[in-house]
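A short write-up of the structure that comes next.
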Amino acid sequence: MSSLTPSHSPATQPKAGTHPMIGIFAVLIGSIISTLAGRLTSFGLADIRGAVHAGFDEGAWISTVFTVSQMLMGPLTVWLGATFGPRRVLLVSATVFTAACIMLPLSPDLPTFIALYAVVGLSSGTFVPLTLSFVLRNLPAGLAVYGVAVYAMNSELSQNISASIEGWYADHWSWQWIFWQNAFITPLMALCVWFGMPREPIKYGNLRSTDWMGLFYAGVGFSLLYAALDQGNRLDWLHSGLICGLLLAGVILVVAFVVHELTAEQPLINLRFVVTGNVPILAVVLIMFRFVILSTALIVPQYLTTIQGFRGLQTGDVLLWVALPQFALAPLIAMTLRHVDARIPLALGFSLIGIACFMASGLTRDWQSDDFLASQIVQAIGQSFGFTSLIWFMSQHLSPREALTFGAFVQTIRLFGGELGVAFMQTFLRIREQIHSYLVGLHVTSGSYLTESRLGGYSAAVAHRSSGQTEAQARATGLLARAVQTQANVLSYIDGFTVIGISTVGCLLLIIMLRPAPQERAG
């Protein structure tokens with residue numbers, strides 16, 4: 001058992017003087033802030049790079065720094081929450097986060113921006129683990145499933161409205177509001193924490209028996225692995241000495257963490273929970289879920305920006321069809337989970353995601369945003385059922401005293417699994433585009449009738465904007481090369497949808513292997 005067992009066992013009724021429904025709003029806002037802070041930066045990265053005078057390679061580390069900081073806080077959050085109580089930690093974190101977000105757009109250069117953004121990541125890294133643990137430790141049994149549904153709803157909602165928000169700020173206000181908006185949202189979370197979460201006594205014993213080595217091994221190890229995954233595609237993976245070093249150091253530290261926790265007298269985290277019953281399979285399913293949602297989080301935005309030239313706000317209009325249904329689906333799914341084995345809606349969710357991916361695999365270069373509508377609605381329903389059911393089913397396998405471990409576990413798997421999926425898919429799309437570009441190019445041969453006919457058509461189309469026949473022919477050749485690249489990109493996106501669709505079948509096989517959840521959790 002972990003030495004960081006909370007000082008009390010949660011009751012089935014809320015503590016006097018607290019308001020659990022207000023606490024649920026803290027969960028709602030916390031999950032929104034944590035996801036938006038990272039996603040908005042991804043969509044607004046070009047504007048941010050320009051503002052802090054960063055080149056492409058330098059600016060590529062901006063989003064990495066944020067999530068690495070969140071990863072670093074995962075294990076530490078378990079200790080902070082168990083020692084000082086979630087309420088105190090969240091209030092301090094919210095204050096630091098708000099102050100850093102206000103100062104961030106005022107950064108005069110890239111080093112200052114990255115330092116402040118690391119503070120933003122560290123402080124927001126406590127939001128999801130501690131608010132989620134509140135749901136499991138303090139809410140009455142009848143409300144816990146709604147708390148989980150709220151967390152899942154807002155994780156999906158905030159991930160898919162980011163493009164619209166960033167695009168709106170860029171078109172109507174300025175990129176600075178990507179960060180300044182948090183100065184208005186985060187104090188609301190702090191108020192909900194103040195009135196909705198119970199005060200807990202400080203456990204001074206934890207200050208004298210802290211597992212510092214466990215904190216170091218886990219936090220730094222997973223952070224190094226995340227940085228390697230995030231930068232691997234850009235630096236060409238094992239051809240980069242930096243990536244090799246990050247991967248090697250990360251693996252060594254994570255292995256050292258596991259060995260240390262299994263042999264320590266007072267370990268940081270109860271690893272028995274992680275390897276008990278269904279939990280290992282569920283961890284794999286959660287990683288796979290983070291992969292399958294890339295059909296909307298990555299492939300659709302890339303297609304619209306690369307092939308159709310959409311701006312952020314236009315891309316966001318498509319992703320809204322995944323975000324908006326969450327409001328109606330969350331309470332419906334919560335009510336369903338109170339009466340139905342969570343494995344059934346979990347399997348339904350993955351099935352719908354697979355169907356949506358195969359629908360989208362009919363993609364052509366002529367598809368506009370409206371063509372994605374049907375598949376995005378099916379995807380939205382599938383993601384809602386899948387994620388909510390998965391988190392709820394996982395929570396049914398833990399005792400209340402493991403809630404802090406569970407919150408950090410979900411946060412780590414969510415971030416790390418998501419980055420595994422992104423790293424794989426970015427590399428997969430790049431390689432498939434190269435293959436398709438080569439294969440399509442084989443059919444574009446100099447002197448052939450079809451090639452000359454296409455070049456003649458292009459040349460005639462640009463002749464009136466060219467200084468002569470030579471320039472018109474050169475521009476026609478460029479247009480033909482661009483057409484080949486466009487077709488290669490479209491084919492790679494089709495491959496991406498197909499791979500994700502096939503992977504949902506693998507997830508369904510894993511779900512079949514799951515045993516029923518315990519009827520009652522140990523206290």
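Count begins at 1; order follows the chain as displayed.
Including glycine, each Cβ sits where the backbone N, Cα and C put it.
Noted in TrEMBL for the protein shown:
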TRANSMEM  21-40  transmembrane segment
DOMAIN    23-519  domain 'Major facilitator superfamily (MFS) profile'
TRANSMEM  60-82  transmembrane segment
TRANSMEM  89-107  transmembrane segment
TRANSMEM  113-132  transmembrane segment
TRANSMEM  177-197  transmembrane segment
TRANSMEM  209-228  transmembrane segment
TRANSMEM  240-259  transmembrane segment
TRANSMEM  271-298  transmembrane segment
TRANSMEM  318-337  transmembrane segment
TRANSMEM  344-364  transmembrane segment
TRANSMEM  490-514  transmembrane segment
CB contact flag for the transmembrane segment (490-514) and the transmembrane segment (271-298), at least three pairs under 8 A: yes
When counting Cβ pairs under 8 Å to the transmembrane segment (60-82), the leader among 21-40, 113-132, 177-197, 271-298: 113-132
Proximity of the transmembrane segment (21-40) to the transmembrane segment (209-228), 3+ C-beta pairs under 8 angstroms: no
